[in-house]
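If you check TrEMBL, you get these features:
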type	residues	note
TRANSMEM	12-30	transmembrane segment
TRANSMEM	42-64	transmembrane segment
TRANSMEM	76-100	transmembrane segment
TRANSMEM	120-142	transmembrane segment
TRANSMEM	162-183	transmembrane segment
TRANSMEM	203-221	transmembrane segment
TRANSMEM	233-257	transmembrane segment
TRANSMEM	277-297	transmembrane segment
TRANSMEM	332-354	transmembrane segment
TRANSMEM	360-377	transmembrane segment
TRANSMEM	389-410	transmembrane segment
TRANSMEM	416-434	transmembrane segment
Amino acid sequence: EEAIFLRKKITLLRAFSLLIGSMVGSGIFISPKGVLKNSGSVGFSLVVWFSCGLLSMFGALCYAELGTRITKSGGHYIYILETLGPLPSFLFLWAEFFAIRPANSAVVSLAFGRYMLEPFFAPCAAPVPAVKLVSLLGYYMVLTLNSWSVTWSARLQTALSVVKLLALALIIVPGMMLLAQGHTENFQDAFDRQSLVLDKLPLAFYAGMFAYSGWFQTSFVREELVKPERNIPLAVIVSVITVIVGYMLTNVSYYTVLGTEDVLASPAVAVSFVQRAFKSLISVVPVLVALSCFGTMNGGIFTFSRTLFVASREGQWPPLFSMIHIRRHTPLPAVMLMFPLVTAMVCIGDIYHLLNFFSFSRWLFIGLATLGLIVHRHRHPELHSPFKVPLFVPVSFTIICLFTVAMSFYSDPVNISIGCTIVLSGFPVYYLIIHRQILLPFFSTLSDYLTHKLQLLLEVVQQEIKTY
C-alpha cells in the first residue's frame, strides 16, 4: 500500500551516536596492547594514539566533503566508483566482503565474548570455546535486530553510545585521580629509544587506527540521513574530537595504574585496570565494555549492508541484495549475507592476527578514496560543495595511508601477503563477469532463478523511489 524505499530516519543525534558507537568499541579496550607492543614505550605509544586521532580527523574531513559532493550511500565503495572507476571499486567490494568486513566483525565479536565472560572466570582466562560461542550469539542478536527494524537499530546505537562513554569515564576518572596524587612512576623514561623498532610502527598504527575506525560510517548511510549537507560535517567533527580526548585520557589512565609489563601481559586491558584500581567495579566494567563492543557490531552491520545494497544497485553485485523487505523497510538480504563468513572467522580466528590481516586492505582503499577526492576536484572544478577542506588534508592523508600500507609488508609479510592476494583475486572475477561478461550468461540464469526463489522466501522487492 505504500512505496518501498529506505526512509530518512537518521537525525543528527543518531548520526553522532552512529559515529561514537562505531569508534568507541573493542579497539580502545584491546588495541593498547598492540600499540605498546609495536611502538616500544609508553611515550611513543601515546604519540601513536594522538597521531592516529589526528589522521582520523583528516580522513573524516575528507569523507565529509565526499559526502556532500557524492549524494549516494555506500561509503568507500561509491566514492571509489564515482572518482576512480569500476575496477578499483569492485576490488574494494571483493576485499571488503571476503576479508575486511568479516575479519573486523570477528575481532569485535571475539572482544565482546571475552569481556562478557571475564567476570565469571576471573582471575582465570575464559575458555576459548565459550568465548567463541558467546561471540557468535552476540553477533546473531545484532544481525536479527538489523533485519527487523532500522528505527530500533538506530535507537539501540544511541543508547549504547551513552554506555560507551560511561565505560570510558569509569576508566578515566580513577586514573586521573591517581595521577593527580603523584603516581607518575610508570611514565619515567617514557621515550626509551632502545625499544623503538621502526619497521614495527605500521603495526602500531594499524592497532591505533582500528580503535578509531568508524569515523567514516555516516558515508555508508548518506541517503538515510536527515539534512546530510549540514549533519555529516557537524557529526564528524564533534564525534572525532570527543573520541580523541577520550582515548588519550583512557591511555594515560591505563599507564598510570598498569606498567608496560602488565599491559603487554593482559588479554583484556580494561579488566586488568579495574582489578588494580577499582575492585568494587570488577564485575561492572567488563559488562560495559562488552556492551560497547555490541554497539560496534550493530554499527558495522548497519553500514556494511548499505555497501552491498548500493553495489547491487550499481550492477556489481547480485540483484537480490538491492532489495528491501516489504514491511520492515530494511535491506534484509544485504544484512544477512555476512552471516557465514563472520561465523567461520570467529571459529578459527585470533584477534591480533585478524587485526593485521584486514588492516592492509582497509587502509589501502581508504587511501584510494581520498585520492579520489583530489581527482574529483580536478575533474569537476565547477561543482559547488557546501563543505570543503584545504587540499593539503586529502594529500597528506592519502600519502600517509599508502606509505603505511607499503611499510606493513616489512612488518608482517605473511598476513599482508594474504590480504594482498585476496584483493588481486578479484581481477579475474571482474574481467570474466563484469568487464567482458564472458561468464555472465551462465551466472545470470542461475542468479535469476535463485533471486526469484529467495525474493518469495524473504518477502523483498526492489526500491521504488530514488533517495539520491
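First residue shown is number 1, and so on along the chain.
Note: Cβ is positioned from N, Cα and C throughout, glycine not excepted.
When Cβ distances are compared across the two stretches, the transmembrane segment (42-64) makes contact with the transmembrane segment (203-221), since 3 or more pairs at least 6 residues apart fall below 8 angstroms. Ranking 120-142, 233-257, 416-434 by CB pairs under 8 A with the transmembrane segment (162-183) puts 233-257 at the top. Under 8 Å from some Cβ of the transmembrane segment (233-257) lie the Cβ atoms of residues 12, 15-16, 18-20, 23-24, 28, 32, 42, 45-46, 49-50, 53-54, 56-57, 60-61, 63-64, 68, 165, 168, 171-172, 174-176, 178-179, 183-184, 186-187, 211-212, 215, 218, 263, 269, 273, 276-277, 387, all in the same chain and six or more residues away from its ends. Counting Cβ pairs under 8 Å to the transmembrane segment (12-30), the stretch among 76-100, 120-142, 203-221, 360-377, 416-434 with the most such contacts is 203-221. Listed stretches 203-221, 360-377, 389-410, 416-434 were compared with the transmembrane segment (76-100); the greatest number of C-beta pairs under 8 angstroms is found for 360-377. For the transmembrane segment (360-377), same-chain residues at least 6 beyond its ends with a Cβ under 8 Å from one of its own Cβ atoms are 59, 62-63, 65-66, 69-70, 76, 79-80, 82-84, 88, 91-92, 95-96, 99-100, 104, 206, 209, 213, 216, 383, 391, 394-395, 397-398, 401-402, 404-405, 408, 415-416, 419-420, 422-423.
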